[in-house]
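*Asks:* Copied straight from Swiss-Prot:
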type     : residues                                                                                                       : note
TRANSMEM : 16-35                                                                                                          : transmembrane segment
TOPO_DOM : 36-382                                                                                                         : topological domain 'Lumenal'
CARBOHYD : ASN71                                                                                                          : N-linked glycosylation site
CARBOHYD : ASN75                                                                                                          : N-linked glycosylation site
CARBOHYD : ASN83                                                                                                          : N-linked glycosylation site
CARBOHYD : ASN84                                                                                                          : N-linked glycosylation site
CARBOHYD : ASN99                                                                                                          : N-linked glycosylation site
CARBOHYD : ASN122                                                                                                         : N-linked glycosylation site
BINDING  : PRO163, PHE164, ARG165, ASN166, ARG167, PHE202, ASN203, ARG204, VAL229, ASP230, TYR258, TRP290, HIS323, HIS324 : UDP-alpha-D-galactose binding site
BINDING  : GLY292, GLU293, ASP294, ASP295, ARG334                                                                         : N-acetyl-D-glucosamine binding site
CARBOHYD : ASN307                                                                                                         : N-linked glycosylation site
CARBOHYD : ASN367                                                                                                         : N-linked glycosylation site
Amino acid sequence: MSALKRMMRVSNRSLIAFIFFFSLSTSCLYFIYVAPGIANTYLFMVQARGIMLRENVKTIGHMIRLYTNKNTTLNGTDYPEGNNTSDYLVQTTTYLPQNFTYLPHLPCPEKLPYMRGFLSVNVSEISFDEVHQLFSKDSEIGPGGHWRPKDCKPRWKVAVLIPFRNRHEHLPIFFLHLIPMLQKQRLEFAFYVIEQTGTQPFNRAMLFNVGFKEAMKDRAWDCVIFHDVDHLPENDRNYYGCGEMPRHFAAKLDKYMYILPYKEFFGGVSGLTVEQFRKINGFPNAFWGWGGEDDDLWNRVHYAGYNVTRPEGDLGKYISIPHHHRGEVQFLGRYKLLRYSKERQYIDGLNNLLYTPKILVDRLYTNISVNLMPELAPIEDY
């Protein structure tokens, strides 16, 4: 009888433990599904701690070797003890002097004296009326936020595309920060906010494709920046022009502890020339909900023969504006789509997109509202 009671106690404990762990695991899965942004932030924070610990151990070992050796060799050159041969130093770049004279018929330099480096980022909420009032004093800003330097020829004509839904408090902060920085960089630019209406899950990639098509109808741009509304650069030397290869600008984000989450990470802020974006057939349209579209874009870029470049050192640092919105639901089908990125590249993108936009031109941006649905991007079997 006593043995039976002991067995029942053990069974009850096992049942309680099973219920506890089952409840915990299902709660975690539900949290990851309904709040992927928060869940991934926590995950990246844990990963970043491990990376930082390994880097610190590596640095300490490097310093011990320098101290214990009388001479150390770097790239075949002997350096006496005490010289700094750190792998982490970044060579400083020379920027033009304050008295540099621009010529209206010559291209604007990429390294201007106004570009001082570190930017003070203010993420305090501000109304659109206040921001409009501030920029109303600048008569050179045209409708849609269009601006062009007059003292030199802009090296790039940049369309900044911003996918949008229910982040109205972020937009004025974004413009207050970005407009002065792009003016310092002597780029021609304008902003396009592509707003998703309706009840379908958020489709960031499809919004970018819509924005690209509408921006090309508006002006003859040659560089396109794909920019999340809650990402603010911390360094004005992070030049928003394009290049021979696609560019990932937001290499170090504060919510990821300024560490690149993984090598193929291509999210937040990226830039491609118009030619590059057309060659890869744009973003995929099939990613509904959170996650996967940036990884697919990375694949498209590499399948087209390009490499991705990033800013050196701390130039690619960004601050993420805090928000109180519920995150978009996870797109659980993204892994299957990513397995077939190559097969889908030229049947899902700019070439299969249908939409009917509503366009409103504001003083600082062009608003493109569109109700997205899966049938607006029909895809053939692959």
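The backbone N, Cα and C atoms fix where each Cβ goes, glycine too.
Looking at the shown structure, can you explain where the listed features end up?
*Replies:* Residue environment of ASN122 (N-linked glycosylation site) contains 11 other Cβ atoms, counted within 10 Å of its Cβ in all protein chains.
Within 10 Å of the Cβ of ARG165 (UDP-alpha-D-galactose binding site) there are 17 other Cβ atoms, across all protein chains.
GLY292 (N-acetyl-D-glucosamine binding site) counts 24 other C-beta atoms within 10 Å of its own C-beta, drawing on all protein chains shown. DSSP assigns GLY292 (N-acetyl-D-glucosamine binding site) to coil, not to a helix or a strand.
Taking Cβ-Cβ distances under 8 Å and a sequence separation of 6 or more, the neighbours of ASN307 (N-linked glycosylation site) in its chain are MET245, PRO246, VAL301.
Around the Cβ of ASN367 (N-linked glycosylation site), 19 further Cβ atoms fall within 10 Å across all displayed protein chains.
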*Asks:* Measuring CB to CB from VAL229 (UDP-alpha-D-galactose binding site), give everything in the same chain under 8 Å that is also at least six residues away in sequence.
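*Replies:* Non-local contacts for VAL229 (UDP-alpha-D-galactose binding site): ILE162, PRO163, PHE164, ARG167, HIS170, LEU171, PHE174, VAL193, ILE321.
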*Asks:* Over all shown protein chains, what is the count of other CB atoms within 10 A of the CB belonging to HIS323 (UDP-alpha-D-galactose binding site)?
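*Replies:* Step by step: centre on the Cβ of HIS323 (UDP-alpha-D-galactose binding site), count other Cβ atoms within 10 Å, giving 14.
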*Asks:* Neighbour count, 10 Å Cβ-Cβ cut-off, for PRO163 (UDP-alpha-D-galactose binding site): what number do you get?
*Replies:* 23
*Asks:* Considering Cα atoms only, can you say which of ASN203, TYR258, HIS323 is the nearest neighbour of ASP294 (N-acetyl-D-glucosamine binding site) among these binding-site residues?
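*Replies:* Comparing Cα positions, the candidate nearest ASP294 (N-acetyl-D-glucosamine binding site) turns out to be ASN203.
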*Asks:* Let me know the largest Cα to Cα distance in Å among the N-acetyl-D-glucosamine-binding residues GLY292, GLU293, ASP294, ASP295, ARG334, as an integer.
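*Replies:* Max span of the N-acetyl-D-glucosamine binding residues, Cα based, is 11 Å.
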